[in-house]
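Now, the feature entries from TrEMBL:
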- 228-493: domain 'ComEC/Rec2-related protein' (DOMAIN)
- 7-40: transmembrane segment (TRANSMEM)
- 52-69: transmembrane segment (TRANSMEM)
- 250-267: transmembrane segment (TRANSMEM)
- 287-310: transmembrane segment (TRANSMEM)
- 331-351: transmembrane segment (TRANSMEM)
- 382-404: transmembrane segment (TRANSMEM)
- 416-438: transmembrane segment (TRANSMEM)
- 444-464: transmembrane segment (TRANSMEM)
- 476-495: transmembrane segment (TRANSMEM)
- 501-518: transmembrane segment (TRANSMEM)
Amino acid sequence: MFPFFRLTLIWISGIITACCYPIALWMTLLFLFIGFLLYFSIVWLSTKAASLSIWSNGIGLWLMFMLSYSHTIGHITERQQNSLSKWLSNDQLCIAYQVTVQKVYPQATSSCLASVTHIKIRNDWYRMNDLIQLYCSKKYGYKPTEGDTLLILGKPIPLVRNAAAKCYERFIYPQANYRQRLQGTKRCFILIEQQQNKKWKEILQDCYRRLLRKEVKETEAIALIETLLFGTKESLSFVLRKAYADTGSMHVLAVSGLHVGMLHWFISKPLTYLLHNGKILNLSTVFILIILWLYAWLCNFAPAMVRATIMLTLARLSLGMGRSLNSGNGLAIAAFITLVWKPFLLFNWGFQFSYMATLGMLYLQRPIQNSIRINNYWLQKIWASTALSIAAQLSTLPLILYYFKQFPLYFILANWIVVPAMFGILMLSLLGIVVSYLPILPSLLGFILAKLIFIINSFVTYIARWPLATIDGFMLNGYSACLLYIVLFATYFFFKYKRLIYPLIVSVCIAFFSFNRIRKIIKEQNSCQLICRNNQTLAFTLRDKYESVNCSDWQGADHLPYSCHYGGYRLAVWYRKVIWAIRSIPTDWYHWHNAKIRVHYLLIEPKLLGELDTLAKVCTLQTVVVYSKQKTKLNYLIRSKIKQLGIELIWLQPDSEKVFTWSTNS
């Protein structure tokens, strides 16, 4: 194993341990201090007794683990101290808070994501670093822009989140846990500073967009070029994005190592020819690295971009010093530097896809290519690119099944055409920047780009419509994905080293997977379900392993011992769970003085949300399912009120369903 692989694996294990089993920061620092004392004591004693030197490597690795653990705990502690939840959970009097708009959603320009920078509690201001979702009323005329600074009066409203989520997940996956509706300037918020003087990044991006729109008129072509260059997929239509995903060519739309490699190829030849001077750090290397890191900066330092840029930087520096860099070590160094910079990128799906795909291309592409010998030069090139695509797809297979729950069958055929075409589109786009001020040539390039993008989009959409384009229905959890990766690694090492320990590891993984699957099947057999189906009526289905009762007919199922119908509601009891479907509130409920009825699932229409106080007086509610008549969202004031009552809310859109499952023995 390469030295940096071991170092990176230890660092990753420290991050995972800190996220799953965090302890106090002072205790972590104490363990770290003891580890340093122990390590330097062993190093000092090994100069007198050589037998002690064997302990130094083990203690050094443990010290590296503690460094990673304490580093991650420090990041978690910082997020906890700078979160809104810390200040608002104790019913503190929040007067106002200051936010900066970070992202405006293209599909809904009145909605944006903002970062809270300061909060005023009573008479004092405190620094803050948290996210909030803002909704701007269109009738007041304010349209949020990235970089705007707002002073918002009042207290943020908490969002309803999944109560089953782990406590540490809010630090691994940062998201807005609060929201606010802006109803008018000076009454609800004050615009302190409007973003007019844009940052250099936005200036450069807008400059290229203006040049692009001058020569390319088609909307889809412009959206695809912007996606390829800057990674902004929001402007692409959902249908087109799904077509690329269904054909296994979605990776070309995400700024990644492929784009960095294309840019490096595009600029390295002319710069090396013009600026090579034979020194260790010649001018061509300096300019190439500056351009690559500027491009990574323009793409917001996406994990795949950072990985590829670090690896190319190390390769160029090694080449300048007359030394060779092992690709595996370069990959491990890139991962180590990235995780030291941002530890929680380990749980970013883009980071995982980038590094696992690169790992597969480094170590699986050559054995796959050598499995078939081809003498023809052009067929050999086609087979080499096919082997590369198979290696990348195989190494990311567990991630594809885990995140997307599907597998594209025609990814080889699609990538044969899409990858070379995207290379041409990217090169023509970059060339368009160079010749943008010349006559005739920019218009010609724009015409070629538009037609080429139209052909590629049509091809991808056509392939996506083929029968069996994807295999759907993979319900792979994180545990099964890890087992599948262990099987892949063990299989690779078996073919490489021919040791029987690796088939034994595969057998153990298969046994664990089978045990997990059998346990899940037994759990499903000993479970029952409530299926809420919104077909414009308060329909629900009661199901277990013996029977399935459909209560969609308002007058039906009265003969059953566990379901009965009254004037304005239906009551059902299913395996110790009480289900109430209510259309209208009886008159005597407004004067209710009896004991409360425990209701586990309450099914209502939106019109009854205004009667929550009456319902709460009669029932002790756990979960409320609202059968919406239109595809609208719940008013945030009502959502906040439900949150205060401690009720889980399910907003059921038309023609959709929600399944609740629990054990028959609970």
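Cβ coordinates are placed from backbone N, Cα and C, and glycine is handled just like the others.
The transmembrane segment (250-267) makes no contact with the transmembrane segment (52-69), as judged by fewer than three Cβ pairs under 8 Å among residues 6 or more apart in sequence.
Between the transmembrane segment (476-495) and the transmembrane segment (444-464) there are fewer than 3 Cβ pairs closer than 8 Å, counting only pairs 6 or more residues apart in sequence, which means the two stretches are not in contact. Counting residues 6+ beyond its ends, the transmembrane segment (382-404) has Cβ neighbours under 8 Å at 245, 248, 251, 349, 352-353, 356-357, 359-361, 364-365, 368-369, 372, 374, 411-412, 415-416, 419, 474, 476-478, 480-482, 484-485, 488 in the same chain.
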